[in-house]
């Protein structure tokens with residue numbers, strides 16, 4: 001039952017006290033005995049249910065079983081609670097819940113004395129033997145109680161398993177009296193007061209006495225006293241009978257304590273008198289004054305004359321001793337003053353001789369060591385105001401003599417300057433000593449300042465580490481470092497890298513894609529590594545028609561129409577160097593600039609699409625209209641003619657930014673040869689496009705790089721077909 005406050009607060013208080021009593025700062029598995037006794041008082045006072053107290057100790061065992069020292073201190077605390085907390089707590093300790101946890105989990109799993117790992121560790125072996133000794137001791141203490149027989153059964157079970165229990169030297173002295181502890185009694189219920197026998201009602205309410213557990217009215221239970229014998233240190237309600245018993249117990253103890261204090265005070269007075277008498281005798285012997293024989297106090301003196309005589313004798317002896325001690329003290333003081341004066345005179349004479357003999361001597365005089373007194377440390381004499389004024393005046397005059405040549409001769413023979421020189425020269429040694437002293441002090445203060453700064457820095461680092469450990473101010477994710485782009489990646493891409501992407505990528509980058517360089521963070525679209533944007537060279541002036549060429553004759557329009565046909569740069573077979581020559585071929589070709597400041601580069605389809613060249617360029621775009629990159633091989637096919645002869649033009653696909661990709665390691669070694677063999681040459685494509693009689697191109701805003709003609713060497717070039725040139729229209 002919970003009498004004082006809420007049970008949760010009491011539980012927290014008990015857990016904290018258990019943790020402090022078995023703190024890890026206590027060495028060798030010992031206990032903090034005052035805190036441990038507070039734990040036992042808290043359990044014995046029944047402020048918490050006994051099962052809750054047992055579970056608090058069990059929880060502490062579970063928290064400390066991996067540390068042998070903490071486990072030893074916790075086991076000792078459990079043993080102390082068993083011997084001081086009463087029968088209500090023993091019933092919970094002897095339960096199956098606690099004993100099985102102690103024996104089956106802590107002992108047999110972690111500290112089994114039969115295990116070779118435990119035997120190799122001295123600390124674990126000591127803990128295992130401590131558990132066995134405690135179980136054996138508890139079984140002896142609980143042998144006379146049938147309610148606590150489960151501990152005895154656990155002991156017998158371990159004994160049958162051939163565990164060696166330690167022997168006790170005083171086993172016969174252990175009995176049930178070690179666990180007999182006075183605890184608060186259980187409450188008794190009744191309908192009337194046990195003193196006045198008045199029945200309880202709405203007005204006359206009943207109250208329980210914490211000392212005896214009886215029921216009493218307000219009149220006979222209005223007393224509040226602490227019950228220390230029951231482990232209750234706070235004032236609690238008690239009846240009149242229990243109050244009278246408590247007072248009767250305290251009276252003889254107070255009487256005994258008062259008589260004992262009187263006896264001790266008398267003994268102390270006698271001892272002081274004896275010590276004073278001995279001191280007086282010793283002092284009189286030193287001064288060679290005759291000492292009168294001490295008068296024995298034990299002799300019976302009935303007359304008043306003997307008392308006065310002894311008092312007078314004591315007074316005379318005391319006065320003589322005081323006078324002798326004062327005389328010795330005065331002599332010692334006089335001798336000390338004379339020695340001090342003599343030493344000061346010697347130091348002044350020595351210092352004066354050093355100044356007169358050599359004022360360049362910078363050594364500070366060291367006082368001689370005297371056996372009778374400590375050496376006197378002389379402070380460095382500072383300059384007076386007059387001396388400083390003389391020095392400043394001398395410096396000013398000498399400065400004027402050096403700078404002004406007209407008055408230099410007159411000033412050099414001036415008597416005042418000569419007098420100042422005689423005054424200033426003896427001060428040189430004093431100034432030098434002051435300078436040396438100041439420099440030493442400055443060095444000392446600098447060292448102290450450095451030490452204080454170092455200590456402050458170490459303290460701040462220690463405080464920061466503690467704050468980080470406490471509040472978790474730790475950087476969980478390291479800062480993202482952008483990959484550096486080397487010179488190889490910054491250089492211009494080869495024609496191979498511009499025209500053929502990595503295998504498995506057959507579509508361009510979308511227009512809404514933000515390049516990683518604009519955001520500052522690396523992005524990896526499609527699971528590929530980011531490739532920095534390559535610089536694109538300017539297109540030659542003859543590669544695209546200008547605005548002036550568009551206004552010329554219709555004959556020139558036909559030529560411009562031929563030059564605006566999308567052409568594809570097929571690298572020759574010999575332009576693909578081996579793996580070691582990639583860096584040399586990086587700067588062979590350059591891309592021309594695209595119209596409208598947009599980079600729209602078309603690349604070859606992936607390897608798996610060579611069998612079907614009419615596959616869409618952007619397989620993932622379902623909403624856009626699909627186009628064929630190359631026209632069909634048959635120049636005279638009806639499907640291609642119908643497609644190009646239709647009056648309505650198909651919508652132009654929006655331009656997309658192209659991500660330049662480096663050559664993938666998965667590209668077949670003969671991919672270029674296969675591509676040039678499967679696809680027709682560029683001349684055939686131009687002729688087929690001219691025969692289609694279509695006035696517009698599918699991609700008017702797209703231009704493709706044209707490789708140099710001297711490097712293009714197709715393997716098999718089909719014969720060209722003759723196509724008649726259409727006649728120009730006559731304007732009417």
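Cβ atoms are placed via backbone N, Cα and C, with glycine included.
If you look up Swiss-Prot, you'll see 23-166 marked as domain 'VHS', on the strength of sequence analysis. DSSP places the residues of the domain 'VHS' (23-166) in helix, strand and coil in these numbers: 106 helix, 0 strand, 38 coil.
For 245-272 (among others), the entry in Swiss-Prot reads region 'Disordered'.
Marked as compositional bias 'Polar residues' by Swiss-Prot: 253-266 (among others).
The domain 'UIM 1' feature in Swiss-Prot is assigned to 271-290; the stated evidence is sequence analysis.
Among the features that Swiss-Prot reports, region 'Disordered' is placed at 287-316 (among others).
Annotated domain 'UIM 2' per Swiss-Prot: 313-332, in sequence order. For the domain 'UIM 2' (313-332), the model's average pLDDT works out to 77.
Feature annotation from Swiss-Prot assigns region 'Disordered' to 329-357 (among others).
Annotation comment: Swiss-Prot describes 329-340 (among others) as compositional bias 'Basic and acidic residues'.
Annotation source Swiss-Prot lists region 'Disordered' at 483-732 (among others).
What Swiss-Prot records for 492-501 (among others) is compositional bias 'Polar residues'.
If you look up Swiss-Prot, you'll see 596-612 (among others) marked as compositional bias 'Polar residues'.
Residues or ranges marked as compositional bias 'Basic and acidic residues' by Swiss-Prot: 655-664 (among others).
For the compositional bias 'Basic and acidic residues' (329-340), residue counts in helix, strand and coil come to 12 helix, 0 strand, 0 coil, using DSSP.
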